[in-house]
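K.L.:
Quick one: the structure is below, questions incoming.
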(Lines of atoms letter the chains of each structure in order from A and count residues from 1; the text may use other names and numbers.)
(Lines give C-alpha, C1' and ligand atoms only; values in the text may rest on other atoms or scores of the structure.)
Protein backbone atom coordinates (compact mmCIF):
# COMPACT_ATOMS: atom_id res chain seq x y z
CA UNK A 1 0.00 0.00 0.00
CA UNK A 2 2.86 2.40 0.81
CA UNK A 3 4.29 1.98 -2.70
CA UNK A 4 0.96 2.88 -4.27
CA UNK A 5 0.58 6.00 -2.12
CA UNK A 6 4.08 7.17 -3.00
CA UNK A 7 3.11 7.33 -6.66
CA UNK A 8 0.39 9.91 -5.95
CA UNK A 9 1.13 13.69 -5.97
CA UNK A 10 1.08 15.71 -2.74
CA UNK A 11 -2.19 17.50 -3.53
CA UNK A 12 -4.07 14.22 -3.99
CA UNK A 13 -2.54 12.82 -0.81
CA UNK A 14 -3.77 15.85 1.16
CA UNK A 15 -7.25 15.57 -0.31
CA UNK A 16 -7.28 11.84 0.46
CA UNK A 17 -6.24 12.51 4.05
CA UNK A 18 -8.94 15.16 4.47
CA UNK A 19 -11.56 12.73 3.20
CA UNK A 20 -10.49 10.26 5.88
CA UNK A 21 -10.97 12.90 8.63
CA UNK A 22 -7.26 13.54 9.25
CA UNK A 23 -6.70 17.18 10.33
CA UNK A 24 -3.67 19.45 10.51
CA UNK A 25 -2.06 18.25 7.27
CA UNK A 26 -1.58 21.62 5.54
CA UNK A 27 2.00 22.00 6.80
CA UNK A 28 3.03 18.31 6.64
CA UNK A 29 5.34 16.76 4.10
CA UNK A 30 4.52 13.94 1.67
CA UNK A 31 6.20 11.22 3.73
CA UNK A 32 4.38 12.31 6.89
CA UNK A 33 1.01 12.28 5.12
CA UNK A 34 1.74 8.75 3.81
CA UNK A 35 2.56 7.61 7.35
CA UNK A 36 -0.76 9.00 8.60
CA UNK A 37 -2.67 7.28 5.79
CA UNK A 38 -0.95 3.96 6.48
CA UNK A 39 -1.74 4.29 10.16
CA UNK A 40 -5.36 5.06 9.31
CA UNK A 41 -5.47 1.99 7.04
CA UNK A 42 -4.07 -0.19 9.85
CA UNK A 43 -6.79 1.05 12.19
CA UNK A 44 -9.53 0.45 9.59
CA UNK A 45 -8.51 -2.70 7.64
CA UNK A 46 -11.83 -2.73 5.77
CA UNK A 47 -10.58 0.18 3.66
CA UNK A 48 -9.13 -1.16 0.43
CA UNK A 49 -5.86 0.31 -0.81
CA UNK A 50 -7.28 0.56 -4.31
CA UNK A 51 -10.08 2.73 -3.04
CA UNK A 52 -7.65 5.02 -1.18
CA UNK A 53 -5.55 5.39 -4.27
CA UNK A 54 -8.17 5.88 -6.97
CA UNK A 55 -11.26 7.37 -5.39
CA UNK A 56 -10.22 11.01 -5.74
CA UNK A 57 -8.65 10.51 -9.15
CA UNK A 58 -11.73 8.87 -10.67
CA UNK A 59 -14.44 10.70 -8.76
CA UNK A 60 -15.42 13.44 -11.30
CA UNK A 61 -15.67 11.28 -14.48
CA UNK A 62 -16.98 8.18 -12.69
CA UNK A 63 -20.38 7.97 -14.31
CA UNK A 64 -19.15 8.83 -17.80
CA UNK A 65 -16.41 6.20 -17.70
CA UNK A 66 -18.90 3.61 -16.47
CA UNK A 67 -21.29 4.36 -19.36
CA UNK A 68 -18.62 4.29 -22.04
CA UNK A 69 -17.09 1.11 -20.73
CA UNK A 70 -20.50 -0.56 -20.41
CA UNK A 71 -21.26 0.33 -24.02
CA UNK A 72 -17.94 -1.05 -25.22
CA UNK A 73 -18.55 -4.68 -24.02
CA UNK A 74 -21.95 -4.62 -25.69
CA UNK A 75 -20.37 -3.93 -29.09
CA UNK A 76 -17.80 -6.60 -28.48
CA UNK A 77 -20.52 -9.05 -27.52
CA UNK A 78 -21.90 -8.88 -31.05
CA UNK A 79 -18.54 -9.94 -32.50
CA UNK A 80 -18.07 -13.05 -30.47
CA UNK A 81 -19.74 -14.97 -27.66
CA UNK A 82 -16.41 -16.05 -26.22
CA UNK A 83 -15.57 -12.55 -24.89
CA UNK A 84 -18.99 -11.69 -23.44
CA UNK A 85 -18.33 -13.03 -19.95
CA UNK A 86 -15.19 -10.92 -19.34
CA UNK A 87 -16.79 -7.50 -20.02
CA UNK A 88 -19.73 -8.32 -17.85
CA UNK A 89 -17.46 -9.12 -14.89
CA UNK A 90 -15.45 -5.94 -15.47
CA UNK A 91 -18.63 -3.88 -15.64
CA UNK A 92 -19.86 -5.27 -12.34
CA UNK A 93 -16.54 -4.47 -10.62
CA UNK A 94 -16.56 -0.94 -12.00
CA UNK A 95 -20.12 -0.37 -10.80
CA UNK A 96 -19.15 -1.60 -7.34
CA UNK A 97 -16.22 0.84 -7.25
CA UNK A 98 -18.45 3.70 -8.42
CA UNK A 99 -21.05 3.01 -5.76
CA UNK A 100 -18.38 2.83 -3.06
CA UNK A 101 -16.91 6.15 -4.19
CA UNK A 102 -20.35 7.77 -4.16
CA UNK A 103 -20.91 6.49 -0.63
CA UNK A 104 -17.57 7.92 0.54
CA UNK A 105 -18.38 11.26 -1.11
CA UNK A 106 -21.68 11.42 0.77
CA UNK A 107 -19.89 10.59 4.01
CA UNK A 108 -17.45 13.44 3.42
CA UNK A 109 -20.28 15.84 2.77
CA UNK A 110 -21.95 14.80 6.02
CA UNK A 111 -18.68 15.24 7.95
CA UNK A 112 -18.16 18.70 6.50
CA UNK A 113 -21.73 19.71 7.35
CA UNK A 114 -21.22 18.47 10.90
CA UNK A 115 -17.95 20.44 11.25
CA UNK A 116 -19.57 23.62 9.91
CA UNK A 117 -22.44 23.17 12.37
CA UNK A 118 -19.95 22.86 15.25
CA UNK A 119 -18.15 26.00 14.04
CA UNK A 120 -21.41 27.96 13.98
CA UNK A 121 -22.25 26.75 17.48
CA UNK A 122 -18.83 27.85 18.71
CA UNK A 123 -19.31 31.29 17.13
CA UNK A 124 -22.68 31.66 18.78
CA UNK A 125 -21.18 30.80 22.17
CA UNK A 126 -18.38 33.35 21.60
CA UNK A 127 -20.97 35.94 20.59
CA UNK A 128 -22.90 35.33 23.79
CA UNK A 129 -19.76 35.79 25.90
CA UNK A 130 -18.90 39.02 24.06
CA UNK A 131 -22.41 40.32 24.53
CA UNK A 132 -22.12 39.59 28.24
CA UNK A 133 -18.80 41.49 28.41
CA UNK A 134 -20.32 44.45 26.58
CA UNK A 135 -23.27 44.46 28.99
CA UNK A 136 -20.88 44.49 31.95
CA UNK A 137 -18.94 47.34 30.39
CA UNK A 138 -22.14 49.32 29.80
CA UNK A 139 -23.03 48.86 33.45
CA UNK A 140 -19.63 50.21 34.49
CA UNK A 141 -20.02 53.15 32.13
CA UNK A 142 -23.47 53.86 33.59
CA UNK A 143 -21.99 53.97 37.10
CA UNK A 144 -19.23 56.43 36.15
CA UNK A 145 -21.39 58.55 33.82
CA UNK A 146 -22.48 60.83 36.66
CA UNK A 147 -18.90 62.07 37.14
CA UNK A 148 -18.02 62.80 33.51
CA UNK A 149 -20.97 62.63 31.08
CA UNK A 150 -19.17 63.72 27.92
CA UNK A 151 -16.21 61.44 28.40
CA UNK A 152 -18.29 58.39 29.24
CA UNK A 153 -20.59 59.04 26.30
CA UNK A 154 -17.57 58.91 24.02
CA UNK A 155 -16.35 55.76 25.71
CA UNK A 156 -19.69 53.97 25.40
CA UNK A 157 -19.74 54.85 21.71
CA UNK A 158 -16.29 53.36 21.29
CA UNK A 159 -17.30 50.25 23.25
CA UNK A 160 -20.33 49.67 21.03
CA UNK A 161 -18.17 50.13 17.99
CA UNK A 162 -15.70 47.59 19.31
CA UNK A 163 -18.34 45.02 20.29
CA UNK A 164 -19.91 45.24 16.83
CA UNK A 165 -16.63 45.01 14.93
CA UNK A 166 -14.94 42.23 16.85
CA UNK A 167 -17.36 39.38 15.88
CA UNK A 168 -17.04 40.47 12.27
CA UNK A 169 -13.32 40.11 12.55
CA UNK A 170 -13.62 36.54 13.88
CA UNK A 171 -15.99 35.53 11.08
CA UNK A 172 -13.66 37.00 8.50
CA UNK A 173 -10.77 34.97 9.85
CA UNK A 174 -12.80 31.77 9.52
CA UNK A 175 -13.91 32.73 6.02
CA UNK A 176 -10.39 32.56 4.58
CA UNK A 177 -8.60 34.72 2.04
CA UNK A 178 -11.69 35.88 0.17
CA UNK A 179 -12.71 38.10 3.11
CA UNK A 180 -9.27 39.62 3.63
CA UNK A 181 -10.16 42.92 1.96
CA UNK A 182 -13.29 43.45 4.04
CA UNK A 183 -11.32 42.60 7.18
CA UNK A 184 -8.74 45.28 6.39
CA UNK A 185 -11.50 47.81 5.75
CA UNK A 186 -13.17 47.10 9.08
CA UNK A 187 -9.78 47.19 10.78
CA UNK A 188 -9.12 50.68 9.47
CA UNK A 189 -12.55 51.99 10.47
CA UNK A 190 -13.26 50.37 13.83
CA UNK A 191 -10.45 48.32 15.30
CA UNK A 192 -7.77 50.98 14.88
CA UNK A 193 -9.67 53.52 16.96
CA UNK A 194 -10.39 50.87 19.57
CA UNK A 195 -6.74 49.90 19.91
CA UNK A 196 -5.76 53.54 20.18
CA UNK A 197 -8.31 54.28 22.87
CA UNK A 198 -7.51 51.04 24.62
CA UNK A 199 -3.87 52.00 24.80
CA UNK A 200 -4.50 55.42 26.26
CA UNK A 201 -7.04 54.99 29.01
CA UNK A 202 -8.22 51.38 28.73
CA UNK A 203 -11.69 52.34 27.52
CA UNK A 204 -13.87 49.37 26.67
CA UNK A 205 -11.72 46.82 28.46
CA UNK A 206 -12.93 44.21 30.86
CA UNK A 207 -11.65 43.91 34.39
CA UNK A 208 -9.62 40.88 33.43
CA UNK A 209 -7.83 42.76 30.64
CA UNK A 210 -7.21 45.71 32.94
CA UNK A 211 -5.70 43.40 35.54
CA UNK A 212 -3.45 41.82 32.94
CA UNK A 213 -2.15 45.16 31.59
CA UNK A 214 -1.90 46.99 34.92
CA UNK A 215 1.61 46.71 36.35
CA UNK A 216 0.54 48.00 39.76
CA UNK A 217 3.20 50.75 39.64
CA UNK A 218 1.89 54.29 40.02
CA UNK A 219 3.13 57.00 37.69
CA UNK A 220 3.28 60.45 39.25
CA UNK A 221 5.15 63.39 37.79
CA UNK A 222 5.07 66.45 35.58
CA UNK A 223 3.97 66.10 31.96
CA UNK A 224 6.09 67.38 29.11
CA UNK A 225 4.30 67.42 25.74
CA UNK A 226 6.66 67.00 22.80
CA UNK A 227 6.23 68.78 19.43
CA UNK A 228 5.03 65.52 17.80
CA UNK A 229 1.98 65.31 20.08
CA UNK A 230 3.01 62.61 22.53
CA UNK A 231 4.39 63.31 25.98
CA UNK A 232 6.43 61.98 28.87
CA UNK A 233 5.93 62.11 32.61
CA UNK A 234 9.14 63.45 34.13
CA UNK A 235 9.68 62.17 37.63
CA UNK A 236 12.79 63.74 39.16
CA UNK A 237 13.61 67.47 39.14
CA UNK A 238 11.44 68.00 36.03
CA UNK A 239 14.17 66.53 33.80
CA UNK A 240 14.28 63.46 31.49
CA UNK A 241 15.32 60.17 33.06
CA UNK A 242 15.13 56.40 32.75
CA UNK A 243 11.89 56.14 34.73
CA UNK A 244 9.88 58.45 32.47
CA UNK A 245 6.41 57.26 31.42
CA UNK A 246 5.09 57.58 27.87
CA UNK A 247 1.71 59.33 27.36
CA UNK A 248 -0.17 58.73 24.09
CA UNK A 249 -1.31 61.65 21.90
CA UNK A 250 -4.97 60.57 22.03
CA UNK A 251 -4.84 60.73 25.82
CA UNK A 252 -3.40 64.25 25.71
CA UNK A 253 -6.08 65.45 23.31
CA UNK A 254 -8.98 63.80 25.14
CA UNK A 255 -8.23 65.23 28.57
CA UNK A 256 -6.82 68.58 27.36
CA UNK A 257 -3.43 67.93 28.94
CA UNK A 258 -0.65 70.50 28.71
CA UNK A 259 2.99 70.79 29.59
CA UNK A 260 3.29 71.34 33.34
CA UNK A 261 0.36 69.18 34.46
CA UNK A 262 1.05 66.81 37.33
CA UNK A 263 -0.30 63.43 36.21
CA UNK A 264 -1.17 60.58 38.58
CA UNK A 265 -2.11 57.19 37.15
CA UNK A 266 -1.04 53.59 36.66
CA UNK A 267 1.55 52.24 34.29
CA UNK A 268 1.01 49.57 31.67
CA UNK A 269 3.07 46.38 31.86
CA UNK A 270 6.37 47.11 30.14
CA UNK A 271 7.49 44.69 27.46
CA UNK A 272 11.08 43.74 26.75
CA UNK A 273 11.23 45.81 23.55
CA UNK A 274 9.87 49.05 25.06
CA UNK A 275 12.30 51.68 26.30
CA UNK A 276 9.72 53.53 28.42
CA UNK A 277 6.67 52.28 30.24
CA UNK A 278 3.32 53.55 28.95
CA UNK A 279 0.52 55.16 30.94
CA UNK A 280 -2.51 52.85 31.23
CA UNK A 281 -5.05 55.25 32.72
CA UNK A 282 -5.15 58.60 34.56
CA UNK A 283 -6.48 59.13 38.07
CA UNK A 284 -5.98 62.85 38.72
CA UNK A 285 -4.51 65.92 37.03
CA UNK A 286 -2.88 68.48 39.36
CA UNK A 287 -4.75 66.82 42.23
CA UNK A 288 -8.13 67.45 40.56
CA UNK A 289 -10.48 64.96 38.85
CA UNK A 290 -10.36 64.60 35.09
CA UNK A 291 -13.56 66.59 34.63
CA UNK A 292 -11.78 69.74 35.88
CA UNK A 293 -9.42 69.77 32.89
CA UNK A 294 -12.25 70.17 30.39
CA UNK A 295 -13.46 73.52 31.76
CA UNK A 296 -10.23 75.21 32.80
CA UNK A 297 -9.33 78.36 30.83
CA UNK A 298 -6.07 79.14 29.09
CA UNK A 299 -3.54 81.19 31.03
CA UNK A 300 -3.22 83.69 28.19
CA UNK A 301 -6.99 84.31 28.15
CA UNK A 302 -7.13 85.46 31.80
CA UNK A 303 -7.29 89.20 32.59
CA UNK A 304 -4.26 90.65 34.47
CA UNK A 305 -4.83 93.38 37.05
CA UNK A 306 -2.73 95.18 39.68
CA UNK A 307 -1.99 93.22 42.86
CA UNK A 308 -4.65 94.07 45.44
CA UNK A 309 -4.19 91.32 48.05
CA UNK A 310 -1.24 91.67 50.33
CA UNK A 311 1.22 88.97 51.30
CA UNK A 312 2.20 89.67 54.90
CA UNK A 313 5.86 89.02 55.65
CA UNK A 314 5.58 89.86 59.35
CA UNK A 315 4.76 86.75 61.38
CA UNK A 316 2.51 87.58 64.37
CA UNK A 317 3.34 85.86 67.62
CA UNK A 318 6.82 84.99 66.39
CA UNK A 319 9.93 87.10 66.68
CA UNK A 320 10.19 88.31 63.10
CA UNK A 321 13.44 89.44 61.58
CA UNK A 322 13.87 93.12 60.87
CA UNK A 323 14.32 92.41 57.18
CA UNK A 324 10.80 91.01 56.79
CA UNK A 325 9.29 93.91 58.71
CA UNK A 326 11.10 96.39 56.45
CA UNK A 327 9.95 94.56 53.32
CA UNK A 328 6.39 94.32 54.60
CA UNK A 329 6.15 98.06 55.18
CA UNK A 330 8.48 99.80 52.71
CA UNK A 331 8.23 97.38 49.76
CA UNK A 332 4.99 95.45 50.23
CA UNK A 333 4.41 92.32 48.18
CA UNK A 334 0.98 91.41 46.83
CA UNK A 335 -0.46 88.38 45.09
CA UNK A 336 0.58 88.67 41.46
CA UNK A 337 3.61 90.88 42.16
CA UNK A 338 6.47 90.99 39.69
CA UNK A 339 9.34 91.84 41.96
CA UNK A 340 13.08 92.03 41.56
CA UNK A 341 15.73 91.90 44.26
CA UNK A 342 18.74 93.82 42.93
CA UNK A 343 21.91 92.89 44.73
CA UNK A 344 25.67 92.89 44.32
CA UNK A 345 27.52 89.68 45.21
CA UNK A 346 27.68 88.70 48.90
CA UNK A 347 25.04 91.24 49.95
CA UNK A 348 22.62 88.71 51.45
CA UNK A 349 20.14 88.19 48.61
CA UNK A 350 19.95 84.41 49.09
CA UNK A 351 19.38 84.82 52.82
CA UNK A 352 16.68 87.41 52.16
CA UNK A 353 15.03 85.06 49.66
CA UNK A 354 15.07 82.26 52.23
CA UNK A 355 13.37 84.46 54.83
CA UNK A 356 10.68 85.40 52.31
CA UNK A 357 10.05 81.70 51.68
CA UNK A 358 9.72 80.98 55.42
CA UNK A 359 7.28 83.86 55.83
CA UNK A 360 5.16 82.56 52.94
CA UNK A 361 4.99 79.03 54.37
CA UNK A 362 4.03 80.41 57.80
CA UNK A 363 1.51 83.13 56.94
CA UNK A 364 0.13 81.71 53.68
CA UNK A 365 0.39 77.91 53.80
CA UNK A 366 -2.30 77.54 51.11
CA UNK A 367 -0.09 79.25 48.51
CA UNK A 368 1.96 77.02 46.25
CA UNK A 369 5.62 77.96 46.72
CA UNK A 370 8.16 77.07 44.02
CA UNK A 371 11.84 77.86 44.58
CA UNK A 372 13.87 77.76 41.35
CA UNK A 373 17.64 77.75 41.73
CA UNK A 374 19.52 78.24 38.45
CA UNK A 375 23.30 77.82 38.19
CA UNK A 376 23.49 77.62 41.96
CA UNK A 377 26.05 76.07 44.30
CA UNK A 378 25.17 72.52 45.46
CA UNK A 379 25.52 73.37 49.16
CA UNK A 380 23.07 76.26 48.75
CA UNK A 381 20.59 73.86 47.17
CA UNK A 382 20.86 71.45 50.08
CA UNK A 383 20.50 74.26 52.62
CA UNK A 384 17.31 75.61 51.03
CA UNK A 385 15.78 72.15 50.55
CA UNK A 386 16.27 71.37 54.22
CA UNK A 387 15.19 74.79 55.52
CA UNK A 388 12.04 75.30 53.42
CA UNK A 389 9.62 72.41 53.83
CA UNK A 390 5.87 72.13 53.52
CA UNK A 391 3.07 70.34 51.68
CA UNK A 392 2.93 73.03 48.97
CA UNK A 393 6.66 73.64 48.62
CA UNK A 394 8.73 72.59 45.61
CA UNK A 395 12.47 73.18 45.27
CA UNK A 396 13.69 72.77 41.70
CA UNK A 397 17.34 73.32 40.96
CA UNK A 398 20.09 73.11 38.38
CA UNK A 399 23.61 73.46 39.73
CA UNK A 400 26.43 75.38 38.08
CA UNK A 401 28.24 72.20 36.99
CA UNK A 402 25.41 71.23 34.61
CA UNK A 403 24.91 72.21 30.99
CA UNK A 404 23.02 75.39 30.02
CA UNK A 405 20.42 73.23 28.27
CA UNK A 406 19.37 71.84 31.65
CA UNK A 407 19.05 75.35 33.09
CA UNK A 408 16.83 76.29 30.16
CA UNK A 409 14.69 73.15 30.37
CA UNK A 410 14.15 73.36 34.11
CA UNK A 411 13.04 76.99 33.97
CA UNK A 412 10.56 76.30 31.17
CA UNK A 413 9.02 73.37 33.05
CA UNK A 414 8.69 75.45 36.22
CA UNK A 415 6.86 78.34 34.56
CA UNK A 416 4.53 75.94 32.73
CA UNK A 417 3.81 74.15 35.99
CA UNK A 418 2.92 77.47 37.63
CA UNK A 419 0.62 78.45 34.75
CA UNK A 420 -1.33 75.19 35.03
CA UNK A 421 -1.96 75.82 38.72
CA UNK A 422 -3.11 79.38 38.04
CA UNK A 423 -5.58 78.02 35.47
CA UNK A 424 -7.15 76.04 38.31
CA UNK A 425 -7.51 79.25 40.37
CA UNK A 426 -4.53 78.65 42.67
CA UNK A 427 -2.19 81.31 44.06
CA UNK A 428 1.43 80.52 43.14
CA UNK A 429 4.68 82.24 44.04
CA UNK A 430 8.04 81.57 42.36
CA UNK A 431 11.33 82.59 43.96
CA UNK A 432 13.99 82.66 41.23
CA UNK A 433 17.70 82.84 41.97
CA UNK A 434 18.79 84.29 39.69
CA UNK A 435 17.40 85.77 36.49
CA UNK A 436 20.87 86.96 35.46
CA UNK A 437 22.21 83.40 35.34
CA UNK A 438 19.09 82.32 33.48
CA UNK A 439 19.76 84.94 30.80
CA UNK A 440 23.37 83.75 30.58
CA UNK A 441 22.16 80.18 30.00
CA UNK A 442 19.82 81.28 27.21
CA UNK A 443 22.62 83.32 25.67
CA UNK A 444 24.61 80.09 25.26
CA UNK A 445 21.76 77.97 23.91
CA UNK A 446 19.73 80.31 21.68
CA UNK A 447 20.33 80.38 17.94
CA UNK A 448 22.41 83.43 16.98
CA UNK A 449 20.30 86.34 15.74
CA UNK A 450 23.18 88.19 14.09
CA UNK A 451 23.10 91.06 16.59
CA UNK A 452 25.05 91.54 19.79
CA UNK A 453 24.49 93.90 22.71
CA UNK A 454 27.11 95.19 25.11
CA UNK A 455 28.99 92.45 26.89
CA UNK A 456 28.38 89.88 24.14
CA UNK A 457 24.68 89.39 24.92
CA UNK A 458 22.44 88.26 22.07
CA UNK A 459 19.10 90.12 22.05
CA UNK A 460 17.28 86.85 21.31
CA UNK A 461 18.55 85.42 24.61
CA UNK A 462 16.37 87.87 26.56
CA UNK A 463 13.08 86.70 25.07
CA UNK A 464 12.51 83.61 27.24
CA UNK A 465 13.68 85.23 30.52
CA UNK A 466 11.29 88.12 29.82
CA UNK A 467 8.53 85.62 29.13
CA UNK A 468 9.30 83.95 32.45
CA UNK A 469 9.37 87.20 34.39
CA UNK A 470 6.37 88.67 32.55
CA UNK A 471 4.15 85.68 33.41
CA UNK A 472 3.66 87.12 36.92
CA UNK A 473 0.20 88.68 37.18
CA UNK A 474 -2.91 88.88 39.30
CA UNK A 475 -5.99 87.46 37.59
CA UNK A 476 -9.43 89.02 37.75
CA UNK A 477 -11.05 85.61 37.24
CA UNK A 478 -9.16 84.17 40.20
CA UNK A 479 -5.67 82.93 40.88
CA UNK A 480 -2.35 84.73 40.77
CA UNK A 481 1.27 84.14 39.87
CA UNK A 482 3.90 86.00 41.89
CA UNK A 483 7.54 86.05 40.78
CA UNK A 484 10.39 87.35 42.92
CA UNK A 485 13.67 87.17 41.01
CA UNK A 486 17.15 88.22 42.00
CA UNK A 487 19.37 90.20 39.62
CA UNK A 488 23.12 90.59 39.98
CA UNK A 489 24.82 93.98 39.59
CA UNK A 490 28.35 95.28 40.17
CA UNK A 491 29.88 91.92 39.30
CA UNK A 492 32.46 93.36 36.94
CA UNK A 493 30.66 91.86 33.94
CA UNK A 494 29.05 94.18 31.43
CA UNK A 495 26.57 91.45 30.48
CA UNK A 496 25.07 91.39 33.98
CA UNK A 497 24.53 95.14 33.90
CA UNK A 498 22.81 94.88 30.50
CA UNK A 499 20.49 92.14 31.79
CA UNK A 500 19.53 94.28 34.79
CA UNK A 501 18.90 97.33 32.61
CA UNK A 502 16.64 95.26 30.34
CA UNK A 503 14.55 94.00 33.25
CA UNK A 504 14.62 97.22 35.27
CA UNK A 505 11.38 98.69 33.98
CA UNK A 506 9.43 95.44 33.62
CA UNK A 507 8.81 94.78 37.32
CA UNK A 508 6.35 96.52 39.60
CA UNK A 509 8.37 96.06 42.79
CA UNK A 510 12.10 96.51 43.47
CA UNK A 511 14.18 95.77 46.51
CA UNK A 512 17.71 97.17 46.17
CA UNK A 513 20.55 95.97 48.36
CA UNK A 514 23.59 98.19 48.95
CA UNK A 515 27.17 96.92 48.96
CA UNK A 516 28.35 99.62 51.41
CA UNK A 517 25.77 98.57 53.96
CA UNK A 518 26.76 94.94 53.61
CA UNK A 519 30.41 95.86 54.13
CA UNK A 520 29.40 97.53 57.40
CA UNK A 521 27.66 94.27 58.39
CA UNK A 522 24.26 95.95 58.37
CA UNK A 523 21.50 93.47 57.60
CA UNK A 524 19.25 93.85 55.81
CA UNK A 525 21.37 96.03 53.54
CA UNK A 526 18.29 97.59 51.92
CA UNK A 527 18.60 100.92 50.16
CA UNK A 528 15.36 102.50 51.39
CA UNK A 529 15.44 105.39 48.94
CA UNK A 530 15.69 103.15 45.86
CA UNK A 531 13.35 100.39 47.01
CA UNK A 532 9.59 100.52 46.61
CA UNK A 533 6.43 99.10 45.04
CA UNK A 534 4.25 100.50 42.28
CA UNK A 535 0.68 101.23 43.36
CA UNK A 536 1.47 100.39 46.98
CA UNK A 537 -1.71 102.27 47.95
CA UNK A 538 -3.65 99.12 46.91
CA UNK A 539 -1.74 97.08 49.49
CA UNK A 540 -1.12 99.44 52.45
CA UNK A 541 -3.66 100.82 54.87
CA UNK A 542 -4.05 104.58 55.31
CA UNK A 543 -1.97 104.71 58.52
CA UNK A 544 0.78 102.60 56.97
CA UNK A 545 0.86 104.79 53.86
CA UNK A 546 1.22 107.94 55.99
CA UNK A 547 4.07 106.39 57.98
CA UNK A 548 5.89 105.39 54.80
CA UNK A 549 5.55 108.93 53.41
CA UNK A 550 7.00 110.38 56.62
CA UNK A 551 9.97 108.01 56.45
CA UNK A 552 10.73 108.85 52.81
CA UNK A 553 10.46 112.61 53.42
CA UNK A 554 12.63 112.48 56.51
CA UNK A 555 15.39 110.35 54.98
CA UNK A 556 15.47 112.10 51.62
CA UNK A 557 18.08 114.63 52.76
CA UNK A 558 20.24 112.10 54.60
CA UNK A 559 22.93 109.85 53.25
CA UNK A 560 21.73 106.31 52.46
CA UNK A 561 23.92 104.81 55.19
CA UNK A 562 22.64 107.18 57.87
CA UNK A 563 19.00 106.84 56.78
CA UNK A 564 19.12 103.05 56.86
CA UNK A 565 20.79 103.01 60.27
CA UNK A 566 18.14 105.31 61.77
CA UNK A 567 15.22 103.36 60.24
CA UNK A 568 16.64 100.01 61.31
CA UNK A 569 17.20 101.36 64.81
CA UNK A 570 13.53 102.40 64.94
CA UNK A 571 12.45 98.95 63.77
CA UNK A 572 14.64 97.34 66.41
CA UNK A 573 13.09 99.45 69.22
CA UNK A 574 9.52 98.45 68.27
CA UNK A 575 7.98 95.00 68.63
CA UNK A 576 5.86 95.00 65.47
CA UNK A 577 4.92 97.18 62.54
CA UNK A 578 1.75 98.46 64.19
CA UNK A 579 3.80 99.99 66.98
CA UNK A 580 6.25 101.34 64.41
CA UNK A 581 3.43 103.11 62.51
CA UNK A 582 2.12 104.68 65.72
CA UNK A 583 5.54 105.99 66.72
CA UNK A 584 6.63 107.15 63.26
CA UNK A 585 4.84 110.53 63.57
CA UNK A 586 6.54 111.38 66.88
CA UNK A 587 10.09 110.43 65.94
CA UNK A 588 12.51 112.92 64.40
CA UNK A 589 15.07 111.42 61.95
CA UNK A 590 17.40 114.42 61.84
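Using the three backbone atoms N, Cα and C, a Cβ is placed for every residue, glycine included.
TrEMBL: automatically predicted annotations, no manual curation.
Here the structure is a predicted model, which means the values were calculated and not measured.
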K.L.:
Quick one: which of 377, 385 does TrEMBL put in the ATP site with 334, 335, 336, 337, 338, 339, 346, 347, 348, 349, 350, 351?
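P.N.:
The record-listed residue among the candidates is 377.
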K.L.:
On a simple 10 Å Cβ count over all chains shown, which one of the binding-site residues 338, 346, 377 is most densely packed?
P.N.:
338
K.L.:
For residue 336 (ATP binding site), just count the other CB atoms lying within 10 A of its CB, please.
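P.N.:
Taking all protein chains shown, residue 336 (ATP binding site) has 26 Cβ neighbours within 10 Å.
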K.L.:
What is the total of other Cβ atoms whose distance to the Cβ of residue 350 (ATP binding site) is within 10 Å?
P.N.:
20
K.L.:
Where does residue 334 (ATP binding site) sit in DSSP terms: helix, strand, or coil?
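P.N.:
For residue 334 (ATP binding site) - judged by DSSP and reduced to three states - the answer is strand.
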K.L.:
Rounded to a whole number, what is the top Cα to Cα distance in Å among the residues the record ties to ATP, namely 334, 335, 336, 337, 338, 339, 346, 347, 348, 349, 350, 351, 377?
P.N.:
29
K.L.:
If you run the three-state DSSP split on residue 350 (ATP binding site), which class comes out?
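P.N.:
Assignment for residue 350 (ATP binding site) reads helix.
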K.L.:
Would you list the DSSP helix, strand and coil counts for the residues of the domain 'Rho RNA-BD' (216-289)?
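P.N.:
Going through the domain 'Rho RNA-BD' (216-289) residue by residue, I get 6 helix, 36 strand, 32 coil.
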